[in-house]
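Per Swiss-Prot, compositional bias 'Polar residues' is recorded for 1-11, 774-787. The annotation region 'Disordered' is assigned in Swiss-Prot to 1-21, 197-232, 763-787. The N-acetylserine annotation in Swiss-Prot covers Ser2 and rests on a large-scale study or a structure entry. Annotation comment: Swiss-Prot describes 12-21, 220-232 as compositional bias 'Basic and acidic residues'. What Swiss-Prot records for 204-219 is compositional bias 'Acidic residues'. According to Swiss-Prot, the feature CoA binding site maps to Gly529, Arg530, Arg531, Ser532, Ala533, Gln534, Arg535, Leu536, Gly537, Val538, Lys539, Pro540, Asp541, Ser567, an assignment based on similarity to another entry. The (R)-carnitine binding site annotation in Swiss-Prot covers Ser576 and rests on similarity to another entry. According to Swiss-Prot, the feature phosphoserine maps to Ser783, an assignment based on a large-scale study or a structure entry.
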Amino acid sequence: MSSGSTIVSSDKSGRTFKHEEELPKLPLPKLCDTLQRLKESLEPLYYADGYYQHPLDPEQIEKLSSIIRDFEENPVSEKLQSKLQSYHDTRDCYLDELHLDINNQTSTREIQDDVLPRNPFLVLADDALPNITQADRSAVLVHSAARFISALKQDLLPPDINATNGKPLSMAPFLNLFGTTRSPVFQRGEVENFDLNKPYTASDLEDPDYSSDEDDNDEPTQKDFDDRKRKHEEDIFTGNGITIKRHPDSKHILIISRGQYYTLEVLDSTNKIIYTAAELTTIFNHIIKDSSGIEKSTALGSLTSHSFRNWKYARKRLQKRYPNELHRIDSALFVLVLDESQEETTNDGDDTADISQMFNRTITERDKKCTSANCKRVFYGTSIINSKGHQVGSCVSRWYDKLQLVVTADAKATVIWDSFTCDGSVVLRFTSEIYTESVLRLARDVNAGDPQFSLWPNVTQMDPETKKLMTATISADGGGPSEIDPKLVVNKIDWSFSNILNTHVHLSETKLADLISKYDIVRASIPLGRRSAQRLGVKPDSMVQVALQIAHYALYGRMVFGLEPVSTRGFKNSRSSFINIQSQALLELCQLFISSSIDGTDKLDKFIQTCETHNNMVKHAKSGVGYEKHFNALKYLFKFHDHFGIHLSGDESSAAKDLFENPLVLPFSQPELIVANCGNAATTTFGITPAVPHGFGIGYIIKDDQVDLTVTSQFRQGDRLMFMLSWVLGEIRSYWRMSRGTSHNKTGVKISPVVDKLYEMDNAVNNPPKRNGHTVNGSRKTSSSSQVNLNRYGGFFDLEGHIDSRNISKTPSMKNLQKTFNGLTMSADNDHSSSAVSVPTEKEKLNTGHEILQIQPREVASNGLEADDETDIEIVAGNADGTSSSASSATSLNSKKRNVINSRFDIDFDRSRVGRKVATLDQ
């Protein structure tokens, strides 16, 4: 989900889905390759006891190898692979026929009540206007979102293009973004036969037999047995099923404020925008006021955060009792949440402000806690209990089954999405473009509403006269412009819950409050980013992923199974795939990194090699032959082999069960680390939730000079993990500096012997005697071999600078850049005290030449580090004999042209324009 993986086509006239048919099929990997990569991903987890360079456990590894080998040699593997091959030959994607959108409980087990909703979130940057209100920010973003949706529905949205190879990406995932919802799969008659008067019991969550309302005294017939068998088979296939419901004709949004539910039409029948941003502000202010006057709110949204079985039971009851209301929610384009929470601050008074200047570290820690608290409130809201014991926090104002846009009372905006229905790269584009459109509104305002200042200039508003008939009322004076009456255009959903449903809602709310109390979100920024990775010669994503594994190993002394999502939208009907982060090479690096068995240079080399291995894994997955989807498809076919018409013998079933249900393979379906990269300049924070209660969910955004990370965990040391990550990356940088410093005196760069000789000759003939820093006229020593200055760093040509120029150099500091340029600019002075010195003759030019300013190499300290790695280059005046004077003396009154090389050749050019090689930013 990297932010740099896609670009938007500049062809504004292009149709949104014009490339879909030309996309290639997702390849079907070879069975042997998938099993081999599965084995390699699991091996680093099983090693002998001990902390220092412990070897792999031979007994565990042999068991793992044996079960994989037995499965591969058994006919069951060929039967399952053949079924996938038949789907691959006859479908656009071999995964299409597997109904994975109905049953997604194969890749990860259902965790009972102990994990947060698996919804990633992106926090948007602040609005371009300071001190904007909640209603105004909501109106601007909703108006931008409506324009985005209108462009998509009218086929005006430019298609995505791969930034690396220029190939088109699938736009099909955009169809799952709006007007869709996550929903449990119900069997035939399950909702219709549900008894609303039946009290809620725990058995409702476990009993799959939904014919309990039948008369138990009736003697069952053969037909009853057949029906029950068929229902049982259906329940095996769909009992834990989750599917996606689509409503492509949706025109309205759902608004939640203080637990109250409202709907608002935003598109007309031709997908034109109904309201302006100003009109939306009026509507949202009305909703905020209306919801604030109601003391009792409903925590209905907390039902979407409950475990699968509780969620399914609640949806079934709501669908039976409130079918129309639930349909209005499910079919909404997206959800706007008007969160009433405010940002926490660190200032408790003037005393604290004074303390902050004296104790920066203490305040920094407090700021860090406040930043983490703000991440919590924009994600799952606040949990506040009033004097009556009722939940009045904003955590009840969420709906995790759908795409959500959350805007807090202090105008902080966040996009939260369901990872089952929505793709992360698609959400990132939506988030980025609605933010960009919100900024472009300022350009439209100062250009008389010019539509060219928009990402979608062809998207238009509804005709004013038509809108007047639909929504507006005449102002009080009868002659003024029409105004929107919010009461006429906003529809409020009224609930009248029974005691049974009230009980279930209450239990779901208390469970959610417990989860909020259990989980911690830590946000940290580490000052190494894209430029640092470029200097190392590695990909930024690989640098962060590998360093995180080292940090985890240094903290806990063991390797864990971790997954990273990789986009596969370059293929038909494909979204993403997971790759395993851990490998044998990474395990060896972790063991060596925390030891003293090798020096820093070798650790750096090993780190770079491991980053390259990780990058190759990413490329492999992007090519469509990743093993994660393939292995899950094989596992899914075996689980429902009867449904798919695959007949297996007892021996075949046993061989498959030994692999798919083996505890050694269990970490594959229960990853302890989920680490993902998603974000760009329009976002400030990206967070994901862990897959298991004891795991970490780590989201990060890579910037030029820093990495912003968000760690979500339950009873874990997220802040300490970030401390270890900072330490690891700091060590890597110090190793790089040390390696760079010691390489100054190495002949790692090949220079032509002829060029070397010319440098020596040029230095040899330029050692005239000096007096007070100036060449004495008419006096010149005869050069000889004993007088040749062979110091390659002491001559007037600095070879070290040329060697450095072949390496990627540090980006110059911007702090003193102007000062440096001013120092390099030479000015001629007309006050000459000696014509022999200030105005040399042509003969003198040939004999002695002119002096130039030299850019001397930075000194390397005894510890191998650069003496001043973060400051600008020091400017000194260099003479032919290797002596130097300060930059101030170099600009003395007796100098004529100080930018002429001290050579027998008269060469005049601006030396300040010559610098070291600058690192490019193309990563």
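Backbone N, Cα and C define each Cβ position, glycine as well.
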DSSP-derived structure type at Ser576 ((R)-carnitine binding site), helix or strand or else coil: strand
Rounded distance in angstrom between the Cα atoms of Gly529 (CoA binding site) and Ser576 ((R)-carnitine binding site): 25
Neighbouring C-beta atoms (10 Å sphere around the C-beta of Ala533 (CoA binding site)): 21
Protein Cβ atoms within 10 Å of Lys539 (CoA binding site), excluding its own: 21
Max CA-CA distance, Å, over listed CoA-binding residues Gly529, Arg530, Arg531, Ser532, Ala533, Gln534, Arg535, Leu536, Gly537, Val538, Lys539, Pro540, Asp541, Ser567: 26
Alpha-carbon distance [Ser576 ((R)-carnitine binding site); Ala533 (CoA binding site)] in Å: 25
Rounded Cα-Cα span from Ser576 ((R)-carnitine binding site) to Gly537 (CoA binding site), Å: 27
